[in-house]
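Copied from Swiss-Prot, the annotated features are:
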COMPBIAS  258-268  compositional bias 'Basic residues'
CROSSLNK  Lys220  SUMO2 cross-link
CROSSLNK  Lys220  SUMO1 cross-link
MOD_RES   Gly2  N-acetylglycine
MOD_RES   Lys5  N6-acetyllysine
MOD_RES   Lys48  N6-acetyllysine
MOD_RES   Ser185  phosphoserine
MOD_RES   Lys220  N6-acetyllysine
MOD_RES   Thr232  phosphothreonine
MOD_RES   Ser272  phosphoserine
REGION    252-297  region 'Disordered'
Amino acid sequence: MGFVKVVKNKAYFKRYQVKFRRRREGKTDYYARKRLVIQDKNKYNTPKYRMIVRVTNRDIICQIAYARIEGDMIVCAAYAHELPKYGVKVGLTNYAAAYCTGLLLARRLLNRFGMDKIYEGQVEVTGDEYNVESIDGQPGAFTCYLDAGLARTTTGNKVFGALKGAVDGGLSIPHSTKRFPGYDSESKEFSAEVHRKHIMGQNVADYMRYLIEEDEDAYKKQFSQYIKNNVTPDMMEEMYKKAHAAIRENPVYEKKPKKEVKKKRWNRPKMSLAQKKDRVAQKKASFLRAQERAAES
């Protein structure tokens with residue numbers, strides 16, 4: 001069929017239907033959302049859980065949510081800006097931080113449901129494929145599905161780092177190794193060692209060593225926060241190992257105490273009747289004194 005010019009007449013505007021608001025804003029892929037949200041009809045009121053991962057300029061957000069008519073309900077959430085509490089003070093948006101955030105989310109969720117002792121996940125980080133299976137006589141493994149949003153799901157994306165962290169933390173999420181760093185599309189082989197290096201931040205450490213040798217100024221500029229916090233390339237692996245152990249030890253979110261705000265009043269408060277009468281009496285007395293002084297002089 002050839003090119004057909006759209007005639008924008010009265011009928012066109014009368015029948016025009018706008019897309020959903022979040023589609024117009026470019027925030028939601030409804031084609032993907034429909035498939036992530038719709039539950040099997042024979043499961044009735046059982047929620048279909050999604051693991052939502054969003055990467056911003058300075059943070060990584062991981063949430064477990066399910067859909068309702070009123071809107072999505074968040075069951076549990078973890079953020080990369082919580083990682084300094086566990087010893088990771090720098091590089092809060094890299095692949096290793098994404099893994100830590102996913103691990104924190106999984107441990108926090110299982111702790112909330114009292115399943116953290118049943119499903120320990122993969123304690124030793126190998127980078128290899130691992131799947132959580134339900135244990136007989138115990139509650140089934142918590143199953144959810146990855147919601148990557150509008151992120152381009154290329155091999156090595158940080159979204160899959162968070163996924164791997166959640167799976168190693170004890171959540172059952174369907175996945176394959178094809179999108180993890182270390183997968184070679186030509187040979188169709190997956191290198192767990194390469195993936196482990198990314199989880200432990202060794203790719204960043206190698207680049208730091210390269211910059212120290214090649215361009216000292218570029219190193220000082222790009223890794224200023226690492227220098228400020230005394231983080232060297234040789235410390236990286238140990239830092240992440242300690243962080244993983246600390247997350248498993250205490251994944252619970254601690255609420256910050258509310259600050260008591262003293263309200264400032266910018267206008268004068270209204271006077272009571274007694275104050276008003278007193279003010280009038282003072283003005284009268286002042287006026288009479290002034291009159292007396294004038295008469296004496």
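Cβ coordinates come from backbone N, Cα and C, glycine included.
Annotated features, which come from Swiss-Prot, shown on the structure.
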residue: Gly2; record: N-acetylglycine; CB count, 10 Å: 3
residue: Lys5; record: N6-acetyllysine; CB count, 10 Å: 5
residue: Lys48; record: N6-acetyllysine; CB count, 10 Å: 16
residue: Ser185; record: phosphoserine; CB count, 10 Å: 8
residue: Lys220; record: SUMO2 cross-link; CB count, 10 Å: 13
residue: Thr232; record: phosphothreonine; CB count, 10 Å: 14
residue: Ser272; record: phosphoserine; CB count, 10 Å: 9
Query raised in the report: Near Ser272 (phosphoserine), which of the recorded positions Gly2, Lys5, Lys48, Ser185, Lys220, Thr232 can be found within 10 Å, Cα to Cα?
Result: none
Query raised in the report: Going by DSSP, how much of the region 'Disordered' (252-297) is helix, how much is strand and how much is coil, in residues?
Result: 24 helix, 0 strand, 22 coil
**Report entry** Cα-nearest neighbour of Lys48 (N6-acetyllysine) within the listed recorded positions, Gly2, Lys5, Ser185, Lys220, Thr232
**Finding:** Ser185
Requested in this report: Whole-number Å only: compute the distance from the Cα of Ser185 (phosphoserine) to the Cα of the residue listed as 'SUMO2 cross-link'.
Outcome: 35
Query raised in the report: Closest to the residue listed as 'phosphothreonine': which of the recorded positions Gly2, Lys5, Lys220, going by Cα position?
Result: Lys220
